[in-house]
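All remarks here apply to the structure that follows.
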């Protein structure tokens, strides 16, 4: 893993190794160990510097550096023939190696120091020209003391390095994650922290949870936006419906007011109609009484006409009798005239003696002729009277028929008038009920009108509240859109 502190440690140890090489040359100046100091020092310096430049993050590079710094410490001890003070360089280098924050590097360095001390102690004990301690300090307990200090420091440094490495890795991951999140201007890249990709550490777990939260938040925001759009649409529809309701309520209010006026008029007219119906009932009842009286009078007239018809019939019969008498008179007159003529003839035969009788006979004949003439006149008058009587009888019969028809019609009219009276009486009762109902309806209409006015006012208030709600929904929608714009900056 290319951790940044490894690169920094490589740079530090590049300087440290060069510094140790220079110290080697300085020590060589005082100890006259130029050859071993320069050659061995150059060899020790070359390999780690090469690895630092070619494979800076390789594990072998770190271990090579750990061995190289301890080799320089061993070279310095060798140049000074085991000078005790230079053993401090071993501990200093162990401390420097903690810059790598790798406990294995420190372990490598401690193992190398242990091997170096043991081997050089054994070799120095055999006086082979290699030095680990100064003369007079070459004792086993001194070796043990050095070993205990080295192991103790190494153990502490390894513990610190291990925890430092873990904390540094966490810090590095945090820094890398933040850099990755902020890698794009204007957006936050969270795609590396999905449930499938995150490592098992607290920060990545946190970021994964945060990613899930952002996903859920974006989905909730989208859902809320969709719901807000639906609510906005419904709010518009409700507002339109409220407008329509207000319009309809206003129409209802107007119609109710008109109906109230109409009901009042109906109540008044129903009252007037009731009075008119009552008056019509009275008049119709009087008319029925008049018709009943007329029927009675017509029946009486019928009786009178019937009696008159009988009288005229009797008169015609009398006229016929007179005609018979007159016929008898004319017959007698004719016979008298004939007798007078015979008397005149006889008087003429008598001569002078029959002249007076002739005069009487002539007078009788003239009287008979006048009687016949008068009888004929009376016959004519009697015939005319008989004809007129017959005509009167016929007229009387017709009058009787008409009187009977009139009586029947009058009875029918009376019965119909009775029905009219009953209907008018029922109508009077109904009109009274209608008048009462119309009056009650007028009162109810006034109440409905007042309720409609209240409903209209409530509808206006509801419209205002609906407009306010619509405005607030629009503001919420704008806020949600802004939230979506901000959430869109998080790339999941």
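From the backbone N, Cα and C atoms, a Cβ is placed for every residue, glycine too.
Annotated domain 'Methyl-accepting transducer' per TrEMBL: 220-456, in sequence order. Marked as transmembrane segment by TrEMBL: 12-31, 38-58, 64-84, 105-123, 138-160.
Long-range contacts of the transmembrane segment (12-31) within the same chain: residues 37-38, 40-42, 44-45, 48-49, 52, 65, 68-69, 72-73, 75-76, 79-81, 93, 96, 99, each at least 6 residues beyond the stretch ends and with a Cβ under 8 Å from a Cβ of the stretch. Packing against the transmembrane segment (38-58) from elsewhere in the chain are residues 1-3, 6-7, 10, 13-14, 17-18, 20-21, 24-25, 28, 64-65, 68, 71-72, 75: each is 6 or more residues past its ends and has a CB under 8 Å from a CB in it. Mean predicted confidence for the domain 'Methyl-accepting transducer' (220-456): the pLDDT average there is 76.
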